[in-house]
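Below is one structure, written out as structure tokens; the observations come after it.
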Amino acid sequence: MKIRFFLVACLAVFCVLGVCQGGNLRKKFYRKSCPQAEQIVRTKIQQHVSACPNLPAKLIRLHFHDCFVRGCDGSVLLDSTATNIAEKDAIPNLSLAGFDVIDDIKEALEAKCPGIVSCADILALAARDSVSAVKPAWEVLTGRRDGTVSVSGEALANLPAPFYNFTTLKASFASKNLNVHDLVVLSGAHTIGIGHCNLFSKRLFNFTGKGDQDPSLNPTYANFLKTKCQGLSDNTTTVKMDPNSSNTFDSNYYSILRQNKGLFQSDAALLTTKMSRNIVNKLVKKDKFFTKFGHSMKRMGAIEVLTGSAGEIRRKCSVVNA
């Protein structure tokens, strides 16, 4: 009886993570239908990252913004139409980039295996391979299918904002079946990339509406940021999220966080509870961060996926099939 209960419990957990058999995500989904699929993605990504070292941050963000709206179904890649404003044109997504890279990979895959590899899987693989210099940093389960709906309002409603406090962040992640550990670990993606001034300038110039500065922000760092950002309305200037190694995927994010140099209010929020602080302190170790980040990316990559006969395999990532 105990063994039977254990097996049932394990199956339930695996189903939640989207790795059950019967059409859901699994290892090497394209082993027979397109054996070279993952290698094609990896080769293309290596070429693009070599030409554009800041690409990894863009692709991880693109994958994140896709999964938090309608699940990991490639809906963020769809263009707006005459009758619909798509996710990519929602305010939080206007600074997204990397669409051309996904399109390039898709073209190569369509030439090799037409109608086989989904845009959603390409995005998940590309995000992983962009930060995998030597070997894959984590295993990406495949078998996602592409959604056919993309609505800008859903992006506004589902994407966590850079000004969220811990309570709202926790609720946002919980709504996607991700826990506090996932929240802190996935925030580590801020170890690469840039942030626009208008997303954090309130912390510098008008934190409580009285022309004040966020007291939780390192004063020296705040003064440095003020030399970069021109004011509350500055939406063109960008600043490195990790001032020491913004193009290197490492655990330095947690080191600067402990110095109160997290760029966004949502970064600083991770220090406001004992549970999240403890996780931050553990993730300073690079090896531990890499391992945990891979686990959380696998969990995120399984959010509300379309598998089996749901959705479609888009021939072009920016438009639904005719």
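Every residue, even glycine, has its Cβ placed from backbone N, Cα and C.
Per TrEMBL, substrate binding site is recorded for P160. Taking the Cβ of P160 (substrate binding site) as reference, residues of its chain lying under 8 Å away and at least six apart in sequence are, in sequence order, F68, T168, L169, S172, F173, S266.
Taken from TrEMBL, the feature heme b binding site applies to H190. The C-beta environment of H190 (heme b binding site), restricted to residues of the same chain at least 6 apart in sequence and closer than 8 Å, consists of M241, D242, Y253, G262, L263, F264, D267.
Within 10 Å of the Cβ of C34 (disulfide bond) there are 17 other Cβ atoms, across all protein chains. Per TrEMBL, disulfide bond is recorded for C34-C113 (among others).
All protein chains shown were included, and the count of other CB atoms within 10 Å of the CB of C72 (disulfide bond) stands at 28. Taken from TrEMBL, the feature disulfide bond applies to C67-C72 (among others).
Taken from TrEMBL, the feature disulfide bond covers C119-C317 (among others). The Cβ of C119 (disulfide bond) lies under 8 Å from the Cβ of G74, L77, I102, K106, D146, R314, C317, each on the same chain and at least six residues away in sequence.
According to TrEMBL, the feature disulfide bond maps to C197-C229 (among others).
If you look up TrEMBL, you'll see 1-22 marked as signal peptide.
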Quick one: give me the count of other CB atoms within 10 A of the CB of C317 (disulfide bond).
23
Closest to C229 (disulfide bond): which of the disulfide-bonded residues C67, C72, C113, going by Cα position?
C67
Measuring Cα to Cα, how many Å separate C113 (disulfide bond) from C197 (disulfide bond)?
43
Disulfide-bonded residues (C67, C113, C197, C229), the one with most neighbouring Cβ atoms at 10 Å:
C67
Between the Cα atoms of C34 (disulfide bond) and C67 (disulfide bond), find the distance and write it as a whole number of Å.
24
